[in-house]
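Reading through the C-alpha cells given below for one structure.
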Amino acid sequence: MRSLLQFLALSAAIALCVCYESHESSESAEDLFVPPQQANSFMTPQRGNAYSPPRGNGNNFNLMRTVKSPAERRAETCEDYSPCRFYAYRHGFQQAYQRYFGSGTHPQQRPAAAARRY
C-alpha cells in the first residue's frame with residue numbers, strides 16, 4: 001500500500017513536469033470558433049468533382065470559385081445582423097435587407113395631391 005502511494009505521488013509529479021506549458025506556442029489560447037466572415041479564409045475550395053474534373057495544369061482556382069448572386073450576398077449580410085434576421089424570418093430576406101440596409105437616407109414623403117401645381 002505504501003509503495004502504491006509513493007508510485008502515485010511520483011506519477012503525479014512527473015505528469016506536472018511533463019504537462020508544463022512553455023508559452024512558446026499560443027495555439028491552446030486561440031478561439032475554438034471563428035467568425036463566419038473568416039470561416040473560409042483558410043479552407044481552399046474543392047479542385048473539382050466527378051462531373052467537372054480539373055483540366056490543364058491545375059491553375060484554375062479562380063475559374064472554379066463560385067460567384068454568389070447579389071441576393072445571396074444580401075441574405076448573408078442580413079443573417080449577420082440579428083434584428084434583420086428575425087425580421088427576415090417573418091417577411092423574407094429581400095424585405096428585411098431593404099428595411100435595414102436598403103438606402104442610406106429615408107425616402108422623401110411626397111406632398112399631397114392637392115398641393116401639386118402643374
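Glycine residues also receive a Cβ, built from the backbone N, Cα and C atoms like all the rest.
Here's what Swiss-Prot has on this protein:
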type: SIGNAL; residues: 1-19; note: signal peptide
type: MOD_RES; residues: Glu21; note: 4-carboxyglutamate
type: MOD_RES; residues: Ser22; note: phosphoserine
type: MOD_RES; residues: Ser25; note: phosphoserine
type: MOD_RES; residues: Ser26; note: phosphoserine
type: MOD_RES; residues: Ser28; note: phosphoserine
type: DOMAIN; residues: 56-102; note: domain 'Gla'
type: MOD_RES; residues: Glu72; note: 4-carboxyglutamate
type: MOD_RES; residues: Glu76; note: 4-carboxyglutamate
type: DISULFID; residues: Cys78-Cys84; note: disulfide bond
type: MOD_RES; residues: Glu79; note: 4-carboxyglutamate
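A map of Swiss-Prot features onto the structure.
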residue: Glu72; record: 4-carboxyglutamate; Cβ contacts under 8 Å, 6 or more apart: none
residue: Glu76; record: 4-carboxyglutamate; Cβ contacts under 8 Å, 6 or more apart: Lys68
residue: Cys78; record: disulfide bond; Cβ contacts under 8 Å, 6 or more apart: Cys84, Arg85, Ala88, Phe93, Ala96, Tyr97, Tyr100, Phe101
residue: Glu79; record: 4-carboxyglutamate; Cβ contacts under 8 Å, 6 or more apart: Arg85, Ala88
Inset, instruction - Within 10 Å of the Cβ of Cys84 (disulfide bond), how many other Cβ atoms can you find? Include all protein chains, please. - result: 19
